[in-house]
Every structure is written in C-alpha cells, then in structure tokens.
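Listed features, source TrEMBL:
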- 112-153: repeat 'WD' (REPEAT)
- 154-185: repeat 'WD' (REPEAT)
- 196-237: repeat 'WD' (REPEAT)
- 238-279: repeat 'WD' (REPEAT)
- 280-321: repeat 'WD' (REPEAT)
- 322-363: repeat 'WD' (REPEAT)
- 364-396: repeat 'WD' (REPEAT)
Amino acid sequence: MGVGVPVAGGAGPGLAGRAAAPCGRRRIRARALTCAEHSAAAAAAAAGTQAEKSKRTVVLVREQPQAATAVALIYSETDSCACALGAAFLRAGALHRTLGVDEEDPSLERHFKGHRDAVTCVDFSLNMKQLASGSMDSCLMIWHMKPQSRAYRFTGHKDAITCVNFSPSGHLLASGSRDKTVRIWVPNVKGESTVFRAHTATVRSVHFCSDGQSLVTASDDKTVKVWSTHRQRFLFSLSQHINWVRCAKFSPDGRLIVSASDDKTVKLWDKTSRECVYSYCEHGSFVTYVDFHPSGTCIAAAGMDNTVKVWDVRTHRLLQHYQLHSAAVNALSFHPSGNYLITASSDSTLKILDLMEGRLLYTLHGHQGPATTVAFSRTGEYFASGGSDEQVMVWKSNFDNVDYGEVIKVQRPPATLATSTGNLPEVDFPIPPGRGRSLESVQSQPQESISMPQTLTSTLEHIVGQLDVLTQTVSILEQRLTLTEDKLKQCLENQQLIMQRATP
C-alpha cells in the first residue's frame with residue numbers, strides 16, 4: 001500500500017514540497033523582437049536563471065504576424081533578474097520598441113518545488129483544488145491550489161512514475177510506473193492505494209473513461225489494456241502495435257480509444273468490437289502523445305519529428321499540420337472550449353495554438369531544459385506544465401474575458417466541430433520563429449451571448465450527444481462494410497483461380 005506524506009509548503013528552501021507563490025513577481029514592460037531574434041527570449045530566460053538561480057523567470061512571446069515581430073513579456077521575481085534579462089536582450093539587439101502588457105496574456109500564477117528529478121506528468125482534479133504530478137523520483141505529489149496549503153507526497157511505486165490521471169469525479173487518482181504497475185490512490189492525507197501489475201513492461205499512460213467505470217493503460221509491452229475501475233478487473237487487450245505504446249485515451253463519450261506508438265502510427269479503436277478502426281501513418285518518427293478534441297470528432301498527436309497533427313476521426317482526413325518546435329513534442333492538451341491547443345517540447349518551450357485560424361498565439365519560455373508535460377484544467381482557466389528542471393508551473397490562461405465554465409456547460413457534448421467551435425481549417429502550417437497570430441485577431445471574434453432555459457439546454461445536449469453517437473456508429477459500419485466487401489472480393493477471386501486450375 002502506498003503512503004501519503006503531508007509536506008509543509010512555503011516554510012523555506014530546504015523543505016521539499018515548497019509552493020512558491022509569485023507574490024513578489026514584477027511584471028516588466030513588453031519589448032518587441034524581430035523574426036531573426038525570436039530565439040533571444042530563450043537566451044534571456046537562461047541569463048535570468050544564471051543571474052539569480054533561486055528565483056523563477058518566465059519569458060512569454062506573443063506572436064504578431066502582421067508586424068513580423070514577436071513581443072516578449074518578461075516576468076521576474078527580482079529586479080536583478082529583470083536587469084539581467086534586459087542586458088541579454090540588449091546584447092541580442094532585440095530592444096527595438098516598447099509595447100504595453102496585455103491583461104489577456106497567459107501569466108505564471110505559481111510554481112511548486114518538491115520533486116527531486118524530472119517531472120513526467122501533471123493533471124488537475126475536477127474542482128481545481130488539487131494538482132497531481134509524477135516524477136522520475138518515483139514519488140507522486142498532490143499540490144493544493146489554495147495558498148499556504150500542505151502538499152502530499154505519495155510513495156509506493158518502486159520506479160519512475162510516467163503518468164497520472166484523476167477520475168472524472170476527482171475521488172480517485174491513477175498512476176502508472178516503470179515498475180510495470182498501476183496504482184489507484186485516494187488523494188487525501190492518508191494516501192491509501194491499491195496496486196495491480198498491469199503490464200510486462202513500463203506503463204506509459206493511464207486514463208479514466210468519462211463514466212469513471214473503465215481505465216485504459218498503454219505500455220512498452222506493445223499493448224493497450226482496458227480495466228474495470230472497480231477491483232481493477234482486466235477486461236480486454238488491444239495488441240496491433242509493433243513497438244512501444246506511449247499513450248492511450250478514451251474518447252469523450254467512451255466509445256472509442258486512440259493510441260500512439262513508437263511504430264510511428266496512431267490507431268483508433270472501437271471499444272465495443274475491440275477492433276482497430278483506422279491507423280494514421282503520417283508521422284515520420286515515434287508518436288509521443290495523442291488526445292481527443294473535446295467534441296470527440298478530432299484527435300491531435302505529437303511526435304518526435306517535432307510536429308503536431310490533427311485528424312478528423314470520421315473521415316480520417318488530416319486537417320492540420322504544425323511544425324513549430326525545434327525539438328520533439330512531448331505532450332499536448334486541448335482547451336475545453338476546443339478552440340486552443342497547448343504543446344510542450346524538448347526545446348524547453350510551451351506553445352499555444354489557435355485551432356480555429358490555424359495559427360500560433362504564444363510561445364512560453366519558463367522551464368530550464370525540456371518541457372515534458374502540460375495539461376489544461378477542466379474549465380480551461382488554468383494550465384500546468386512540468387519539466388526536467390523538477391519544476392511544476394501553474395499558469396492562468398487569460399485568453400479572453402469569456403466565462404469558459406458557462407460556455408462549456410452549454411456546449412458539451414457537441415455533435416461536430418461545426419456546432420461547437422466551427423470547422424477546423426485544413427492547413428499545413430510550418431511556422432518560422434516570430435510568425436504567428438496577434439492577440440487582436442483573437443479578440444476580434446465576437447462571442448455570442450448564450451441564454452437558454454436549463455431544461456432546454458439539457459435536452460439539446462442529449463440530442464446532440466445522440467447524433468454524435470449515430471455519426472460515429474455509421475462511420476464504423478462503413479468501415480466494416482468496406483472490409484467485408486474487400487474480403488468477399490478476395491474470396492471470389494480465389495474461387496475463380498481454384499476453378500481455373502481444376503479445369504483440365
């Protein structure tokens with residue numbers, strides 16, 4: 001049984017689990033840099049760390065394609081860091097003009113210190129009161145979003161923790177490890193857990209179904225397995241991948257499963273028939289991460305080839321292709337509205353994409369070393385990131401003034417992207433540094449006010465959800481019919497060949 005250890009927060013640099021609140025953070029005015037000097041932001045962040053290693057420095061780059069510039073917003077906890085950053089930008093020749101800081105830009109809210117090795121995974125609870133993180137140090141940390149609250153350190157895994165996921169209710173927390181086991185924790189001060197040997201190799205991914213009754217796991221043993229949450233009973237295995245499986249996720253309605261593998265493929269599975277519906281083979285290298293769009297009609301996958309790709313799961317068409325990072329993309333997360341996607345890369349940056357216009361919005365330089373994981377909260381108000389620098393950072397989204405909680409409440413579950421977020425544009429979108437989308441273009445999209453009776457809203461949600469199910473069912477039936485026709489054609493050809501040979 002695992003053990004939960006409460007860890008004091010904020011008592012001093014020597015205490016593990018210290019929650020470093022940004023109460024002393026100073027916001028420095030924004031400075032613009034040209035396309036060729038876009039990389040100066042990363043150099044400035046590194047310079048800030050060298051100037052004062054005990055403080056946290058963040059550089060946010062707001063992309064402005066019309067002016068062919070990128071605006072660097074520097075957040076620092078000390079004046080000495082700010083001076084070092086300013087000097088770094090001066091040395092890079094990047095201080096051309098000064099712009100005002102926009103309150104709708106993402107901002108670093110706080111960062112947590114407690115892990116003793118690289119952070120591998122993060123996930124928010126439903127009510128946003130807790131944030132879980134796993135690490136190569138084999139410990140699971142539960143951070144409380146309320147300031148000055150104690151963090152919990154859960155021990156039990158015998159090797160590195162590779163994945164964490166809260167159940168939909170937030171009452172359970174699953175973790176997978178290099179020790180080949182999965183643990184189901186109760187995320188309270190006792191830290192009680194049950195453990196089961198899930199695979200014969202490292203467990204790379206765990207994910208609860210939306211109804212909380214099932215759990216899907218992926219492993220280096222090349223399999224995807226589905227378990228019942230109650231007593232962790234094994235249900236079935238999916239085993240068509242020919243290399244390590246890095247990630248597996250349920251669709252929002254729980255009817256489909258998507259998996260990503262080192263065999264360079266993304267596979268879509270039907271949970272009921274346990275058959276592979278489709279294989280996406282466009283990636284040129286290992287596929288590190290995959291997830292469903294909140295509508296369930298699209299998937300996005302990240303790869304070691306530095307790309308992010310978005311497919312429609314109904315037509316299996318490649319909708320969008322992004323090549324923004326200069327190193328492997330390790331993780332991604334959809335905003336609950338479905339309009340934005342955030343990525344984490346080994347180039348140490350986070351990038352926020354506008355899926356509606358197929359453009360880069362922001363580049364965030366905060367981690368010193370590879371950014372290994374990123375996840376939006378359930379409402380999209382916050383997102384968290386982790387890296388090889390042992391840090392867990394919590395950011396406030398601030399994309400606009402829309403109350404996403406109300407929007408999501410009305411929109412989910414949408415039938416298609418057209419009903420929830422508009423059609424995703426089909427683009428092939430490599431972006432050179434410093435090119436992207438301005439904040440003004442984000443704000444120029446008018447937000448429609450939504451006012452419906454609660455009963456009508458619930459009825460519409462149910463109808464739309466049923467339509468979505470029907471659409472997916474028809475798509476699966478079409479796939480099966482095509483396979484049946486192909487097999488029948490092959491049988492007829494074989495029969496004719498046999499008859500020809502039998503004829504003297």
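Just so you know, glycine gets a Cβ as well, placed from its N, Cα and C.
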So, by DSSP, how many helix, strand and coil residues make up the repeat 'WD' (154-185)? 0 helix, 18 strand, 14 coil
Can you work out whether the repeat 'WD' (112-153) touches the repeat 'WD' (322-363), with the criterion being 3+ CB pairs under 8 Å where the paired residues are 6 or more apart along the chain? no
Taking the repeat 'WD' (154-185) alone, what is its mean pLDDT? 96
The DSSP breakdown of the repeat 'WD' (112-153) into helix, strand and coil residues is 0 helix, 22 strand, 20 coil
